[in-house]
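First up is the structure itself, then whatever we jot down about it.
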Amino acid sequence: MEAPLQTEMVELVPNGKHSEGLLPVITPMAGNQRVEDPARSCMEGKSFLQKSPSKEPHFTDFEGKTSFGMSVFNLSNAIMGSGILGLAYAMANTGIILFLFLLTAVALLSSYSIHLLLKSSGVVGIRAYEQLGYRAFGTPGKLAAALAITLQNIGAMSSYLYIIKSELPLVIQTFLNLEEKTSDWYMNGNYLVILVSVTIILPLALMRQLGYLGYSSGFSLSCMVFFLIAVIYKKFHVPCPLPPNFNNTTGNFSHVEIVKEKVQLQVEPEASAFCTPSYFTLNSQTAYTIPIMAFAFVCHPEVLPIYTELKDPSKKKMQHISNLSIAVMYIMYFLAALFGYLTFYNGVESELLHTYSKVDPFDVLILCVRVAVLTAVTLTVPIVLFPVRRAIQQMLFPNQEFSWLRHVLIAVGLLTCINLLVIFAPNILGIFGVIGATSAPFLIFIFPAIFYFRIMPTEKEPARSTPKILALCFAMLGFLLMTMSLSFIIIDWASGTSRHGGNH
């Protein structure tokens, strides 16, 4: 019996300006293809059905207005995470050459993964991650994608707020030139994280379109560029190895120089051994850093929303945006890891900023870097919140039109829950380590590959074609990384130690 024919609109866009062809293409509908009612598509502006003048305006019916540059800022900011603080630690446990190889491999794989997403979305006319899941596997696929996005991004937002909770009191303490932490409310991280969430994060999260956050994204990236410049600068001003009593100095730079001179006379033999970079390292923690590297370029839930809001969108243009964003973050990641590692070598801690406190807790430059990092992670939270809100819309309100009340309530509810987790959960990093180890491989490797395999018509690419075989291998790689990550975390818990080097 012949399969029914389905008319699909190729590359539909909300502003109708796409130039890659809008003619209907008649393709046989395979048994695994599904069409969801347009009314059930994403209510946060992430699908791209054409505007119909005969119907009541739908809030997906807006023109993409985000420029190429703003889109690069938004996607780069989505890629950048708190993991950049742990990459020097990862390099210390892999060596420079192995680190560079892993970082390059992950960057290329992330670009390939985005290519699969864009190609799948172009075939079926969908620009929502969850809707691709529906098209490939029906409601279970849609819910699985929405759940993975929700877990991954809640974990990411929690790690950002955790940084605010731990770092902001130290910044205030340094500004006030206090030797010890006081019991005042403005030195309490719990109060501070709530204050930042209400006054900065929530207003940005209430914006209706991601494009407007391009300005805050640009500022956030500027903060991380400043962090990188400071790391490079400090490489040439921090002695190696660090004197044993360096963490007792409190801003007396003449004393620091005297100690530096004395120690250099005493530890010349040890310095040559300790202060020599390793190019290839394999130890008990090397494998533990691989998941950190693998998840350094997580941005896939944000790719399709940014694609939707792009001015004059096309697959080629969005792929260029993705490649440029990945390339920028690749360079920043490598330089931050390299100069952070070459500053402290094997003495680097899992969070790079903590290591600098050994040199001088009241260093003005490091204080400014802390402020820059806090600013960057604060401005990243609203961008990460957008796909979570969209996923919740997909799961709970699939047939509802846009409502400002629901838009606000979901944002407030999410921030409230995340603040409660950050404040009351003592082992939050371990909890979200598991979440990241399970959801990230699905979002980066497994879902894009299997969605592509199911959605791409067999008439265009047979099941045994090279692209589909590569996609299946890509999915298998994701399962392998997920198994490795979970195994390392379980071993970590069983041994009662913590060796986390960072988190996206």
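For all residues, glycine too, the Cβ spot is worked out from N, Cα and C.
For ASN74, ASN247, ASN248, ASN252, ASN323, the entry in Swiss-Prot reads N-linked glycosylation site. According to Swiss-Prot, the feature site 'Modulates L-glutamine-induced conductances and Na(+) binding' maps to ASN77, an assignment based on similarity to another entry. Summarising the annotation, Swiss-Prot assigns transmembrane segment to 83-103, 106-126, 144-164, 187-207, 213-233, 324-344, 366-386, 408-428, 431-451, 471-491. Per Swiss-Prot, disulfide bond is recorded for CYS240-CYS275.
Once Cβ contacts within 10 Å are tallied over all protein chains shown, the recorded positions ASN77, ASN323 are led by ASN77.
Most Cβ pairs under 8 A with the transmembrane segment (471-491) among the ranges 83-103, 187-207, 213-233, 431-451 are made by 431-451. Simply put, out of 144-164, 213-233, 366-386, 144-164 has the most Cβ pairs sitting under 8 Å from the transmembrane segment (431-451). Here the transmembrane segment (408-428) has Cβ contacts under 8 Å with residues 154, 157-158, 161-162, 165, 190, 193-194, 197, 201-202, 205-206, 385, 388-389, 392-393 of the same chain, all six or more residues outside its ends. For the transmembrane segment (83-103), the most Cβ-contacting stretch among 144-164, 187-207, 213-233, 324-344, 366-386 is 324-344 (pairs under 8 Å). Straight-line distance linking the Cα atoms of CYS275 (disulfide bond) and ASN77 (site 'Modulates L-glutamine-induced conductances and Na(+) binding'), rounded to a whole number, equals 33 Å. Least crowded of the recorded positions (ASN74, CYS275), judged by neighbouring Cβ atoms within 10 Å of its own Cβ: CYS275. Neighbours of CYS240 (disulfide bond), defined as other CB atoms within 10 A of its CB across all chains, total 16.
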